[in-house]
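The structure appears right after this line, and notes come after that.
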Amino acid sequence: MSQDSKVKTTESSLPTPSKARKSLPVLDPSGDYYYWWLNTMVFPVMYNLIIIVCRACFPDLQHGYLVAWLVLDYTSDLLYLLDIVVHFHTGFLEQGILVVDKGRISSRYVRTWSFLLDLASLAPTDLAYMRLGPHTPMLRLNRFLRAPRLFEAFDRTETRTAYPNAFRITKLMLYIFVVIHWNSCLYFALSQYLGFGRDAWVYPDPALPGFERLRRQYLYSFYFSTLILTTVGDTPLPAREEEYLFMVGDFLLAVMGFATIMGSMSSVIYNMNTADAAFYPDHALVKKYMKLQHVNRRLERRVIDWYQHLQINKKMTNEVAILQHLPERLRAEVAVSVHLSTLSRVQIFQNCEASLLEELVLKLQPQTYSPGEYVCRKGDIGREMYIIREGQLAVVADDGVTQYAVLGAGLYFGEISIINIKGNMSGNRRTANIKSLGYSDLFCLSKEDLREVLSEYPQAQAVMEEKGREILLKMNKLDVNAEAAEIALQEATESRLQGLDQQLDDLQTKFARLLAELESSALKIAYRIERLEWQTREWPMPEEPAEANDEGGSGEGTSKGGENRAGQEGTPGPE
């Protein structure tokens, strides 16, 4: 294949503008458009689940509003048909990538059970109207097969709503209503089959005043069904086998429903308690501790007020623990969107790299201070800096009453104490008393966290030290001579360290040379020993002297070499 044909083949495989336009209608299954379409499908599915059974069991309801039912029926069928079209235009994930090729989407969809159920739910069973008449809504029971779409919409809403526990309770109540509704329709149909008013259990005779109305028929059936399924009221005793079977089935359903409701409510309550424990610290343990340790009532009251403030105003003090399960980059983006605007107000952090600020944001620790509580006192060693998020703090004298200044939201203090600036006359100690006037929300950044982040950004560290030096010069808190002496000492120390490093390198070089010579000498000695061993193997073996017989016998003692020679000459040895 020539180079031109290869280029043409490659160009033909690229998506053209027309192909790009065709791929636009493909929906992302996690996108907003798909989510809103699911919510739209809730209405036709719920309409069929509730109304079809009701129309089949209450003939007056079917006959009285036939035109309205036909319009609603075929409107829901149209939405069902559009839902199949949406399925053919909904992408899917393959190895984490959204597939937008309509051919692959279609082939995948038609091979699933969902496609078969969707087709079965749209089967034209209404054609039987021509023989059975339009007053047979039971022919549309196949529309119930689209119920999975309802469950999918509920699941998506539960993950998106800001109140998932309230939505779970609402969903549970809806399921309970549907079950009672179906049961009430079946009760009325069974009463009609057995005969209205035949006994006290069935629905009364519609000929009686008030019982002929459709509203009364449904409400009575719904009320009677609620009594059975909740087992909270006295119901008439059944008189026939059909009634007994109906009651037994309802009791079994009631037991299962009660267990389901209790389990769902317990799950909701547990999730709410778990969420509260994750967002807000548990004050019960602290209260118990203060009671056991006999803490004075005034201090105990302050602690309780602090916890109450957190609960009422939804203040969170453990954001790190809440976001710990998110991926690091996603956690950083969440923290940046929440706190970056606050951190960027700090003067020493202005004009810093965005990546540096992102890492610093993850180190911010929210803290809440009560009225009259000191954030820091003069003379304390500064180990962290503070950024005011909300509230007011006062710079006060040693008496705690005289105010020199008031700090509001967006201001900061203590930033110099977390940077080791040479010549700092305060010696990294606090120079003022800071007290909270009301409830104040602060962000705390410790020296260790800042040092850990700046270790990867030496240039930013130099810039921040320079800005801190300028601030100290304006405050007359920088000893230039001490700074110069410290810089000179540091340079001398660095020079000595460099000399020691050079000497260490020289010693390592000499040691490596001696080690190489030692290895070479050992190799030569091993070679010489091996040569000597080979030479000694060629030497003749010396004869051993004869040994006298201890019993005075004839001299038969010969060396082993002699015995070998005698054996070779054929001389028999002594018996």
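Each residue, glycine too, has its Cβ placed from N, Cα and C.
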Range among 125-174, 275-324, 375-424, 475-524 that TrEMBL annotates as coiled coil
475-524
Per DSSP, what is the residue count of the domain 'Cyclic nucleotide-binding' (348-454) in each of helix, strand and coil?
23 helix, 40 strand, 44 coil
Across the coiled coil (475-524), what does the pLDDT come to on average, as a whole number?
80
